[in-house]
Amino acid sequence: MLIFPLINDTSRKIIHIDMDAFFAAVEVRDNPKLKGHPVIIGSDPRLTGGRGVVSTCNYEARKFGVHSAMSSKEAYERCPQGIFISGNYEKYQAVGLQIREIFKRYTDLIEPMSIDEAYLDVTENKLGIKSAVKIAKLIQHDIWNELQLTASAGVSYNKFLAKIASDYEKPHGLTVILPEEAEAFLAPMDIAKFHGVGNKSVEKLHEMGVYTGADLLKIPEMTLIDKFGRFGFDLYRKARGISNSPVKSNRIRKSIGKERTYAKLLYSEEDIKKELTLLAQKVENSLIKHDKKGRTIVLKIRYADFSTLTKRKSLNLATRDKKQIERTAHEIYDSLEEQPRGIRLLGLTVTGFE
């Protein structure tokens, strides 16, 4: 028996556009000598004493196992021939605005998720084109023809499936998921690839024996709600390709943060501050990607006994600079009373966007 009725609106035409290795692709475009070489956007660990985090990298670097959010030190160990570029984020933002203008030729119902990806609702569009697939192809063509960059596109009847579709074939892919194909498309998929299902939820699902979309289909709705609360309702529908969330052109993000749970508890100040430095870099990357600056830095600490402490500090000027975020996080930590307890989680968030 269903707790909530299944309502599946299959009339919409949603496109998800995701630029391919965006920052790195812009650098290769602007410097053809980089073509064919592994390019890593992030500080060179040979110049920073091993500090820093990879913002993104091109597909040549990914062949060596390099990926975003990896430490620059590990990226260098995996790919010593990689070319490290600190990045020109003002340039990336300018190109992102050019891409946004291309989207606007087709629809005003655009929900940017970051500087390099967005949802578009083209059910009703400016050119009166009935085929969302045709519009997706036109957008890909425009981006390549005008900016010499590639984008992957996913087309479906909701945002959840469009996002999954755009990730399915990269780079420069175009994947379509029709209503009658949704369950079959999702069935063999690793549950960790379901958009919106985080690591903690994946762990819980694995404990339940759920590893794929097909496994999730077998779980009763009430069981999922008992285990996950309201999110169980969403999981039950995701497995069936149901998601009626609208494309919100006025979507407002109020904060950006990163956190990490540690299998081995942190005790030493050196280890704790090292982790805060890495988190600051990741937060900066995310702020740049979303073109945000904030005035308030929030430090979150969860101790071994699962008690949680949250403390914040406001700045005079909004920032997205990793050094400012790192310095403020260290200041907040230093202001705390000495705690002999081990730390199992650290989090850094920037809010108070200008």
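Using the three backbone atoms N, Cα and C, a Cβ is placed for every residue, glycine included.
What Swiss-Prot says about this protein:
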DOMAIN    14-198  domain 'UmuC'
BINDING   ASP18, ASP116  Mg(2+) binding site
SITE      PHE23  site 'Substrate discrimination'
ACT_SITE  GLU117  active site
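DSSP assigns ASP18 (Mg(2+) binding site) to a strand in the three-state reduction. In the three-state DSSP classification, GLU117 (active site) falls within a strand.
The two recorded residues ASP116 (Mg(2+) binding site) and PHE23 (site 'Substrate discrimination') have their Cα atoms spaced 9 Å from each other. The 10 Å shell around the Cβ of ASP18 (Mg(2+) binding site) contains 22 further Cβ atoms across the protein chains shown. Figure note: comparing Cβ neighbours within 10 Å for the recorded positions ASP116, GLU117, the maximum is reached by ASP116. Around the Cβ of PHE23 (site 'Substrate discrimination'), a 10 Å sphere holds 28 further Cβ atoms from the protein chains shown. For the pair PHE23 (site 'Substrate discrimination') and the residue listed as 'active site', the C-alpha distance works out to 12 angstrom.
In this structure the alpha carbons, written CA, of GLU117 (active site) and ASP18 (Mg(2+) binding site) are 4 Å apart.
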